[in-house]
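Feature annotations, courtesy of Swiss-Prot:
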DOMAIN    6-120  domain 'VOC 1'
DOMAIN    143-263  domain 'VOC 2'
BINDING   H146, H209, E259  Fe cation binding site
Amino acid sequence: MALVTGIGYIGIGVSDLPAWEEFAETIGFQIRERGEDGTLYLRMDKAHHRVAVHPTGEDDLTYVGWQVADENGFDELERTLRAAGVPVEMAGEDDAELRGVARLMRFEDPSGIKSEAYYGLVSEPEVPYVSPYAVDFVTEDQGFGHIVVMVDDYDETMRFYREVLGLQTSDLVKVGAGGVQTRMAFMRCNPRQHSLAFWAGDSTTRLNHFMLQTQTLDQTGMTLDRCFHGGIPATNLGRHVNDYAVSFYITTPSGFMIEYGWGVREVVSDYPVDKYRSVSIWGHRNLDGIHYTQALPPEAAESPAEQHLVEEPVAAAV
């Protein structure tokens, strides 16, 4: 059983805050607040924020906020982390208030990705969530969305998230090019088909992409139109093999991607693990040379959906 119930929020560090402010509104975020240091707090629902954009200059993932159900779950997670030899920092009230939670702890995964766990996310139903483009996101018991990260050691990362945090494996993907095989794992802790995905590889940054899910297909399609009209680099629509998302990938002002889509399937606890050799049923073509994954080599098929036509399928983000 998972000790965490979803990713409640993430923090990203950026080098171009004004560009992010315009970009965030284009894809439907409500800017809830601006911190004293310039941090943008982006809203997707009744929570105060789900994404914090910090002007750190690093253009990468800064932290991941894992939600636990209550104080008992919070204490159990602390004990489990310490028993596994993971250093834990218990944050004070001021830090918890800054994150908008009741209690907060900090730790790192095996690759050094800064992680936080909390319970009691601040909810503001008295302050209506108003997207500038009337976008409604799927959140609640499924968390804010999913993240895909690059890690140092695949097996060590798998053990940590499965044995310590208690995530379940939803599916595995093994793809490659030029004789180099890449293993990708997709893990869940709630009905969302995956909250976390990762593969091992060399990269100057950790974050490949994070995913936002809309309530309707039209909301996804209209956001794609706004990106095209606004000159924001994006792929076309496609559908993934594992979570069935109809989605597209956007290049953010920081260079990493956002997957933006609809129709992610929900799974139950006894869902069997699947293995795939491709990432998309159709679509997700790169447009104007835009690559939506750090792992996509030049010899890739034009579309991930065409990977079954080549001898060795090509790694791509899901």
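Quick reminder: no glycine exception, Cβ is built from N, Cα and C everywhere.
Helix first, then strand, then coil: DSSP counts for the domain 'VOC 1' (6-120) stand at 30 helix, 44 strand, 41 coil. In terms of local Cβ density within 10 Å, H146 ranks first among the binding-site residues H146, H209. A simple way to gauge crowding: the CB of E259 (Fe cation binding site) has 26 other CB atoms within 10 angstroms, across all the protein chains here.
Taking H, G and I as helix, E and B as strand and the rest as coil, DSSP gives the domain 'VOC 2' (143-263) the counts 24 helix, 55 strand, 42 coil. Mean pLDDT across the domain 'VOC 1' (6-120) comes to 97 in this model.
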